[in-house]
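Working notes, beginning with the structure itself.
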Amino acid sequence: MISVVVGMQFGDEGKGKITDYLCSNYDDVVRFNGGNNAGHTVVIDGKKIKFHLIPSGAMQAGTVVLGNGMVIDPLKLLDEIKQLKLAKDNIKIVISGRAGVVTELHRILDKKEEELRSNSSIGTTSQGIGPAYEDKYGRLSIKMYDLNSIKKIKDKLNQLIAMKGLLTGPVDIDRVSNELYSAGSELYEYIGDASEFLEDEYRLGKNILFEGAQGAMLDIDFGTYPFVTSSNTVAGSVSTGSGFSFRRVEDVIGVFKAYTTKVGSGIFPTEIGSDDLRIAGNEYGTTTGRPRRTGWLDLPILRYAAYLNDVNRLAITKLDILGKLNQIKVGTSYIIDGKDYERFPDKIDPESEITVNYETFETWGDISSRISGYLGSGYDALPYNMRKYIEFIEDSLNCSIDIISLGEDRKSTIVK
């Protein structure tokens with residue numbers, strides 16, 4: 001089976017938990033976009049493990065693959081590999097030599113660019129991801145393959161300084177070069193042709209799971225530009241981000257929260273002007289710790305994401321959190337400047353007048369003390385109001401919700 005897990009909102013949907021749950025059935029798990037701006041948390045028997053570069057499925061899959069579509073901070077990757085080795089024996093990692101390298105210069109540039117944007121700040125994670133992708137498309141990148149040569153590292157850093165030095169200020173090139181070279185010497189055993197590895201695995205009949213980072217609404221082309229990430233996040237970017245043919249993908253799983261959250265600026269039609277959901281769901285970014293904006297489930301966004309990713313099944317997370325509210329709403333459509341929209345439109349002018357049409361549902365209450373009973377009995381034992389909510393979403397999206405998450409832990413999951 002060749003599967004892709006993608007986020008259908010603004011990231012933070014719970015892809016990490018779903019991927020970790022699924023990965024016992026897969027031989028390889030692959031990251032194909034983003035960098036350490038993607039934070040995901042896996043909870044196993046109450047123990048939290050947080051990754052930013054290593055895919056969430058690493059705890060169960062045989063081989064971890066980091067594709068060419070990523071930009072990688074070698075020092076932070078080393079830290080995560082050490083963390084992974086403490087949690088798991090016999091790890092196997094393949095890192096594409098074509099992946100770009102995130103350096104200290106990129107982090108400095110990221111912060112400086114945000115300062116220069118002033119009131120139009122995007123709200124980046126300040127991890128250097130955007131500037132690293134800028135260099136990729138400007139053909140200036142240090143590649144993972146380059147980390148075995150101190151000369152190549154220095155030459156490319158000097159080139160970056162020559163072109164962008166006014167923004168970075170003084171940087172100790174020797175120190176940065178030596179840090180990258182040292183990290184590279186430890187990582188080089190893992191660096192190779194990830195595309196060829198995946199081709200070989202496919203021909204051997206291995207099961208491969210591609211794990212997307214961020215979400216559809218943060219895609220550089222299809223998201224709420226300019227308040228987006230710097231890479232393509234939709235399922236189709238599996239091919240360009242890993243070198244694996246998308247025609248071989250059999251299964252696209254769209255993951256979404258039972259409500260909507262967003263970090264940073266930009267349009268958010270169903271946003272709620274209270275802290276109730278944030279507090280109930282502990283909605284703070286894994287990478288930055290920033291409070292997430294919260295709102296009701298947005299069906300126009302989910303319809304748009306389902307179409308973009310061609311999802312064939314869905315996974316819903318945090319239903320246990322949503323039930324703690326006294327009343328629950330779902331945004332079913334928009335009226336924008338007098339025109340009706342059931343799907344998120346190609347463009348929304350920031351000055352437009354937006355009205356959201358809502359469907360209201362009765363709560364199913366706080367189920368925290370009853371979750372273990374539901375897990376043992378299956379979908380039909382879930383509260384009636386919760387099942388009504390799930391089935392309304394299925395009917396609205398014309399797609400089955402096969403995976404239902406009722407908590408952070410891997411075990412707190414029901415498969416229909």
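Cβ atoms here come from the backbone N, Cα and C positions, even for glycine.
Fair warning: this is a prediction, and the values are worked out from it, not measured in the lab.
Under the heading GTP binding site, Swiss-Prot lists 11-17, 39-41, Arg292, 318-320, 405-407, citing sequence analysis as support.
The Cβ of Gly39 (Mg(2+) binding site) has 19 neighbouring Cβ atoms from other residues within 10 Å, across all protein chains displayed. For Asp12, Gly39, the entry in Swiss-Prot reads Mg(2+) binding site.
Feature annotation from Swiss-Prot assigns IMP binding site to Asp12, Glu13, Gly14, Lys15, Asn37, Ala38, Gly39, His40, Thr125, Arg139, Gln214, Thr229, Arg290; the stated evidence is sequence analysis.
Residues annotated as active site, proton acceptor in Swiss-Prot: Asp12.
In this structure, His40 (active site, proton donor) is part of a beta strand by DSSP. As annotated by Swiss-Prot, active site, proton donor applies to His40.
Within 10 Å of the C-beta of Arg290 (IMP binding site) we count 13 further C-beta atoms, all protein chains included. According to Swiss-Prot, the substrate binding site annotation covers Thr286, Thr287, Thr288, Gly289, Arg290, Pro291, Arg292, on the basis of sequence analysis.
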Between Thr125 (IMP binding site) and Thr41 (GTP binding site), the C-alpha gap once rounded to whole angstrom | 17
Fewest other Cβ atoms within 10 Å: which of the binding-site residues Asn37, Thr41, Thr125, Gln214 wins that one? Let me know.
-> Thr41
If you measure between the CA atoms of Asp12 (Mg(2+) binding site) and Arg290 (IMP binding site) and round to the nearest Å, you get 12
Of Lys17, His40, Arg292, the recorded positions given in the record, which has the fewest other CB atoms within 10 A of its CB?
-> Arg292
Going along the chain, which residues six or more apart from Gly11 (GTP binding site) have their CB under 8 A from its CB?
-> Ala38, Ala213, Gln214, Gly215, Leu218, Thr229, Val263
Integer Å distance between the CA atoms belonging to Gly39 (Mg(2+) binding site) and Arg290 (IMP binding site) | 12
